[in-house]
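**Q** Let me begin by handing over the structure; questions about it come next.
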Amino acid sequence: MGVSENCKGLILAMGSSAFIGSSFILKKKGLKRAAARGTRAGVGGYTYLLEPLWWAGMVTMIIGEVANFVAYIYAPAVLVTPLGALSIIVSAVLSHFLLKERLPKMGVLGCVSCIVGSVVIVIHAPQEQNLDSVQEIWDLATQPAFLTYVAATVSAVLALIIHFEPRYGQTNMLVYLGICSLVGSLTVVSIKAIGIAIKLTLDGISQAAYPQTWFFLTVAIICVITQLNYLNRALDTFNATIVSPVYYVMFTTLTIIASAIMFKDWSGQDVSSIASEICGFITVLSGTIILHMTREQEESNNTQRTLSWLIREDSMKGVEDEHLIFIRDSEYLNQ
């Protein structure tokens, strides 16, 4: 018996999460080693470019992203996208054992919530459609319901960029993240279309002659560039521990909606299966938020311990020594 399309997508999505989650640990260990030999990356150093462990992390991340791209070819977005939360679990667990970063009980609860939610989604996920050409994908993309979604998305993005971003971009992260998430939902459906075209071409049915193939590729490139641009602005302006969970929730929700409208992922499913998938999705989101809140609280506690230690040392050290201690400890925390 052959492996179903959904199983292939599931295996690729889980493998992607494992590679991406591991890549964060490899890169962080590489950055620590590089900082011990030269200027830290956080203050403008590039010593990490000479660190093999950092490059191993980059290669691992690239493998994970490629696996995630291929997963969208075999399975619907409603299955693949939420499983991205598993990379957070991999990162948290490996950090606990390899980097000696404490994983509190609430962090464990977040991991369990992500796993339970993912299992529920996998059990009730719809089957992927069998599409025979890019022309069929184009027909799905030009149906009135999806064109309405695209028109609403483009209008919202333009409004955010032209009106809201100049006024509120530096004070409200939802402006940047709204742009990223809305554009990101179009990125995923475009990439899925390109992936299916590549798969059909490799099977001997060339899709290069269809202008729709190049249209989807152009849209994907524009969307990816726009998405990365505003995500970088959000990360540069606001706290990453807040940006990450909010972006994950918004991006995942809009991606599932866009895919459900275009590819009709839930067509033919009964109400109970759809309700179960939604409950699983909410459980994954809750676990993700708990994990990020736990990390933020842990960083805050580390900072408080640093300041308390510095105050205790006040009676023993001069002003210059105190400044040196604070700088060194801050560098350690940021590695």
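Using N, Cα and C of the backbone, Cβ positions are placed for all residues, glycine too.
Annotations per TrEMBL:
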- 6-26: transmembrane segment (TRANSMEM)
- 46-63: transmembrane segment (TRANSMEM)
- 69-94: transmembrane segment (TRANSMEM)
- 106-125: transmembrane segment (TRANSMEM)
- 145-162: transmembrane segment (TRANSMEM)
- 174-198: transmembrane segment (TRANSMEM)
- 210-230: transmembrane segment (TRANSMEM)
- 242-262: transmembrane segment (TRANSMEM)
- 274-293: transmembrane segment (TRANSMEM)
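Provide an account of the burial state, proximal residues and distances for the features listed.
**A** Distant neighbours of the transmembrane segment (46-63): 19-20, 22-31, 33-35, 37-39; these residues of the same chain sit at least 6 beyond its ends, with a Cβ under 8 Å from one of its Cβ atoms.
Counting same-chain residues at least six beyond the ends of the transmembrane segment (69-94), those with a Cβ under 8 angstroms from any Cβ of the stretch are 5-6, 8-10, 12-14, 16-18, 20-22, 24-25, 103, 107, 110-111, 114-115, 117-118, 121-122, 125-128, 188-189, 191-192, 195-196, 198-199, 248, 252, 255-256, 258-260, 263, 265-266, 277, 280-281, 284-285, 287-288, 291-292, 295.
For the transmembrane segment (210-230), the list of distant contacts is 133-135, 137-138, 176-177, 179-180, 183-184, 186-187, 190-191, 193-194, 197: same-chain residues at least six beyond its ends, Cβ to Cβ under 8 Å.
Within the chain carrying the transmembrane segment (274-293), a Cβ under 8 angstroms from the stretch's Cβ atoms is held by residues 78, 82, 85, 88-89, 92, 106-107, 109-121, 123-125, 241-242, 244-245, 248-249, 252, 256, 266, all 6 or more beyond its ends.
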**Q** Sequence-remote contacts (6 or more beyond its ends) of the transmembrane segment (145-162), Cβ cut-off under 8 Å?
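**A** Hits for the transmembrane segment (145-162): 175, 178-179, 182-183, 185-186, 257-258, 261-262.
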